[in-house]
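Trainee: The structure follows.
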Amino acid sequence: MRIVGLTGGIASGKSTVSNLFKASGIPVVDADVVARDVLKKGSGGWKRVVAAFGEEILLPSGEVDRPKLGQIVFSSDSKRQLLNKLMAPYISSGIFWEILKQWASGAKVIVVDIPLLFEVKMDKWTKPIVVVWVSQETQLKRLMERDGLSEEDARNRVMAQMPLDSKRSKADVVIDNNGSLDDLHQQFEKVLIEIRRPLTWIEFWRSRQGAFSVLGSVILGLSVCKQLKIGS
């Protein structure tokens, strides 16, 4: 199975690319969706986060007020690192199970959409790595327009993440999203061809079909050995 790593930065257009993969019929494991699930009221992640940040981050329903929590962690490096440390084990296990589900369903190619792909060292498990890149100027402009943030707040959120230039240097494939939506679509079509190329032997053996092939070969080999033993 080919596990494609997709990452970018806030307001880079990564979610748009993720949706394009979905529309093309390629399964996507979304770390943000997993993160929302592990923060649901009463979950292990919810308990640890509430214990660390207090009940003031909760809505009247008891669910985490995500915008409020975001304001807290984006204004403090130490609090952001604490949140990442608390959530990492739950998110990693959640992503693993989602990948396992796709493997069990017979998927040959999947995309793992992880904003912190390099930061949490998940890049070692994905190939190729696709980075959606924009200039910092474009990133700030889009973030302010999208979320109605001041330049200072937008800059704090951008600076809280690994620089996109650093991510670009580690990528196998770079999608430059500084242009129009049409430009993005044209680049995506080229990426799609790369993603859908035939599996390597290693990728094939990691797939469900490859595992069944190995199992079938073992069973056949044992059967032949048994017949030879009986005939001797």
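Yeah, the Cβs are placed from backbone N, Cα and C, and that goes for glycine too.
Below are the features I grabbed from Swiss-Prot:
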DOMAIN    3-206  domain 'DPCK'
BINDING   Gly8, Gly9, Ile10, Ala11, Ser12, Gly13, Lys14, Ser15  ATP binding site
Trainee: So what's the mean pLDDT when you look at the domain 'DPCK' (3-206)?
Mentor: 94
Trainee: Determine which residues of this chain, when Gly8, Gly9, Ile10, Ala11, Ser12, Gly13, Lys14, Ser15 are set aside, have a Cβ within 8 Å of the centroid of the ATP site's Cβ atoms, and list them as they appear in the sequence.
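Mentor: Not counting the recorded site residues, we get Pro115, Val132, Val134, Gln139, Asn177.
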Trainee: What three-state class does DSSP give Ser15 (ATP binding site)?
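Mentor: DSSP assigns Ser15 (ATP binding site) to helix.
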Trainee: Only counting partners 6 or more residues apart, tell me which same-chain residues put their Cβ under 8 Å from the Cβ of Ile10 (ATP binding site).
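Mentor: Counting only residues 6 or more apart in sequence, the Cβ neighbours of Ile10 (ATP binding site) under 8 Å are Pro115, Gln139, Leu143, Arg157, Val158, Gln161.
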Trainee: When you measure from the Cβ of Ser12 (ATP binding site), how many other Cβ atoms are you left with inside 10 Å?
Mentor: 27
Trainee: Under 8 Å Cβ to Cβ from Ala11 (ATP binding site), same chain, six or more residues apart: give me those in sequence order, or none if nothing qualifies.
Mentor: Val134, Gln139, Leu140, Arg142, Leu143, Arg146, Val158
